[in-house]
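These notes concern the structure reproduced below.
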Amino acid sequence: MRLHHLLLVLFFVVLSAGSGFTQGVRNRLSCHRNKGVCVPSRCPRHMRQIGTCRGPPVKCCRKK
């Protein structure tokens, strides 16, 4: 019975840790950690948007 409880707890820990990867980039530090750069307008053609840096006007862009 203890094994079932341990596996259940481990399952929830794995699920809660994975939820952060679905949220995207929302600040400058996490943008740079994801190998991106902050651009005040649209991303250049050779880059794609992966999030925002300081709100909607500033985009976080990374090479395609």
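Backbone N, Cα and C define each Cβ position, glycine as well.
Marked as disulfide bond by Swiss-Prot: Cys31-Cys60, Cys38-Cys53, Cys43-Cys61. The signal peptide annotation in Swiss-Prot covers 1-22.
Shown on the structure are the features that Swiss-Prot records.
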{"residue": "Cys31", "record": "disulfide bond", "CB count, 10 Å": "24"}
{"residue": "Cys38", "record": "disulfide bond", "CB count, 10 Å": "17"}
{"residue": "Cys43", "record": "disulfide bond", "CB count, 10 Å": "18"}
{"residue": "Cys53", "record": "disulfide bond", "CB count, 10 Å": "22"}
{"residue": "Cys60", "record": "disulfide bond", "CB count, 10 Å": "25"}
{"residue": "Cys61", "record": "disulfide bond", "CB count, 10 Å": "20"}
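For the recorded site, Cys31 (disulfide bond), the DSSP three-state label reads helix. For Cys38 (disulfide bond) paired with Cys61 (disulfide bond), the C-alpha to C-alpha distance reads 6 Å. Cys61 (disulfide bond) falls within a strand segment according to DSSP.
Here the C-alpha separation of Cys31 (disulfide bond) and Cys43 (disulfide bond) works out to 13 Å. Taking the Cα atom of each, Cys61 (disulfide bond) and Cys53 (disulfide bond) are about 9 angstrom apart. Distance from the CA of Cys53 (disulfide bond) to the CA of Cys60 (disulfide bond) is 6 Å.
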